Amino acid sequence: MKKTTKKTAGGYGGSGSHKLYQRVKKKAGTITASSRRWLERHLNDPYVHQSKVDGYRSRAAYKLIEINQRYKFLKKGQKIIDLGAAPGGWCQVSGCIVGSSDEKPSVVGIDYLHVDPLPGVVMLEMDFLHSDAPQKLIDALGTKPDVVLSDMAAPTTGHRQTDHLRTIYLCEVAADFALSVLKPGGHFLAKAFQGGAENTLLTTLKQNFKTVHHVKPPASRSESVELYLLALEFKAKTERKEQLFLF
């Protein structure tokens, strides 16, 4: 692995400082060009470096931090459900903000991938799309949540529209769950991909929440089609005509 000096442009990487830029050498038959580019980007990502310094399990933690700094929807004393929680970055951030503890956990996460234990977090190792998952989440939390978070995304195929549709489906399922369980005035945050097929989802969110925002935090890579839908202040008294998104 070759290291060269590169000047950063500020942010988490430092303000106008110099850092070592790491290049990955290609050995015949060992790594593709696209994989090498991804690895170089990952190794030189200032958010990746900062996550190690701050003890977060992923750079995604900063996406939630940045969104909350702007909209301040996470507060001390809230109850949180985190869908697609692996490797645990969002659970770490939300748990710290709401003051969750092992004695009185306020955060419940779920993922089919294993997540190592986190202080103040109850983690369910199961697929959220399983029919038993919604009730198990509520049972684990012991009450309705104030906030439902979802950073779920389907494995990418490389085909932009296919990836968008698959991730929007997960967002729809997460939204339906949120509409079913949130406390009055609760909030919903979920990952989506830009692609134009989320009109039904947006209509439903606007009918059931006071405000809905499209958010692309600085920690989301500029070239990524990723964005987040933030729905604030759940209108619990709104009558839902039907369950639009089925598990």
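Glycine residues also receive a Cβ, built from the backbone N, Cα and C atoms like all the rest.
Listed features, source Swiss-Prot:
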{"type": "REGION", "residues": "1-21", "note": "region 'Disordered'"}
{"type": "BINDING", "residues": "GLY88, TRP90, ASP111, ASP127, ASP151", "note": "S-adenosyl-L-methionine binding site"}
{"type": "ACT_SITE", "residues": "LYS191", "note": "active site, proton acceptor"}
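Cα-Cα distance from GLY88 (S-adenosyl-L-methionine binding site) to LYS191 (active site, proton acceptor): 15 Å (rounded to the nearest whole number). In sequence order, GLY84, ALA85, ALA86, MET123, LEU124, GLU125, PHE128 are the residues near ASP111 (S-adenosyl-L-methionine binding site), counting only same-chain partners six or more apart with C-beta under 8 A. Summarising the environment of GLY88 (S-adenosyl-L-methionine binding site), the number of other Cβ atoms within 10 Å of its Cβ, over all protein chains shown, is 23. DSSP assigns LYS191 (active site, proton acceptor) to a strand segment in the three-state reduction.
When the Cα positions of GLY88, TRP90, ASP111, ASP127, ASP151 are compared pair by pair, the longest gap among these S-adenosyl-L-methionine-binding residues is 18 Å. Ranked by Cβ neighbours within 10 A across all protein chains shown, the recorded positions TRP90, ASP127, LYS191 are led by TRP90.
Proximity of ASP151 (S-adenosyl-L-methionine binding site) to non-local residues of its own chain (separation of 6 or more, Cβ distance below 8 Å) is seen for ALA60, LYS63, ASP82, LEU83, GLY84, ALA85, TRP90, ALA190, LYS191, given in sequence order.
Secondary structure at TRP90 (S-adenosyl-L-methionine binding site), taken from DSSP and collapsed to helix, strand or coil, is helix.
DSSP assigns ASP111 (S-adenosyl-L-methionine binding site) to a strand.
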